[in-house]
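Undergrad: The structure is given below, and queries will be raised subsequently.
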């Protein structure tokens, strides 16, 4: 799904680094997969993949399964990791992350 945007080796390394519960840190993950240095258009494409219900927002249930977008066998995020991730990205407090909020979080 991320072909042409992200390198498989970077994704594999990033997933390995947060394999244990409680170790997911979104900033480190975005850096490791190489997303931080990508164009706004590429970041928007990645958002579109993560936004599985195509609502133009990434909601809590989609965040919980965030890692599985990168590898079907990846773990779900814990409730605490999901809450931290949502809080970091939800700058307007509406309980979900829009594309601009996602881009700001990636670049952050």
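Note that Cβ sites are derived from N, Cα and C of the backbone, with glycine treated the same way.
Quick paste of what Swiss-Prot says about this protein:
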- 1: N-acetylalanine (MOD_RES)
- 38-73: domain 'EF-hand 1' (DOMAIN)
- 51, 53, 55, 57, 59, 62: Ca(2+) 1 binding site (BINDING)
- 77-108: domain 'EF-hand 2' (DOMAIN)
- 90, 92, 94, 96, 101: Ca(2+) 2 binding site (BINDING)
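Help me understand the surroundings of these features in the structure.
TA: Residue 1 (N-acetylalanine) carries neither a helix nor a strand DSSP state and counts as coil. Around residue 1 (N-acetylalanine), a 10 Å sphere centred on its CB holds 11 further CB atoms from the protein chains shown.
In the predicted structure, the domain 'EF-hand 1' (38-73) carries a mean pLDDT of 97.
Annotation note: residue 51 (Ca(2+) 1 binding site) sits in a coil segment as assigned by DSSP.
Same-chain residues lying 6+ beyond the ends of the domain 'EF-hand 2' (77-108) with a Cβ under 8 Å from its Cβ atoms: 21-22, 24, 26-27, 30, 35-36, 38, 40, 43-44, 47, 50, 56-60, 63-67.
Residue 92 (Ca(2+) 2 binding site) carries neither a helix nor a strand DSSP state and counts as coil.
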Undergrad: In the same chain, which residue numbers or ranges, 6 or more beyond the ends of the domain 'EF-hand 1' (38-73), come under 8 angstroms Cβ to Cβ?
TA: 1-2, 5-6, 11-12, 14-15, 18, 24, 79, 82, 85-86, 89, 95-99, 102-103, 106-107
Undergrad: Residue 92 (Ca(2+) 2 binding site) to residue 62 (Ca(2+) 1 binding site): how many Å between their Cα atoms?
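TA: Cα-Cα distance, residue 92 (Ca(2+) 2 binding site) to residue 62 (Ca(2+) 1 binding site): 18 Å.
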Undergrad: Could you put numbers on the helix, strand and coil content of the domain 'EF-hand 1' (38-73), residue by residue per DSSP?
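TA: Secondary-structure composition of the domain 'EF-hand 1' (38-73): 20 helix, 2 strand, 14 coil.
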Undergrad: Hey, for the Ca(2+) 1 site built from 51, 53, 55, 57, 59, 62, who else sits with CB inside 8 A of the CB center?
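TA: These residues sit around the Ca(2+) 1 site: 52, 54, 56, 58, 96.
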Undergrad: Near the Cβ of residue 53 (Ca(2+) 1 binding site), how many other Cβ atoms are there if near means within 10 Å?
TA: 10
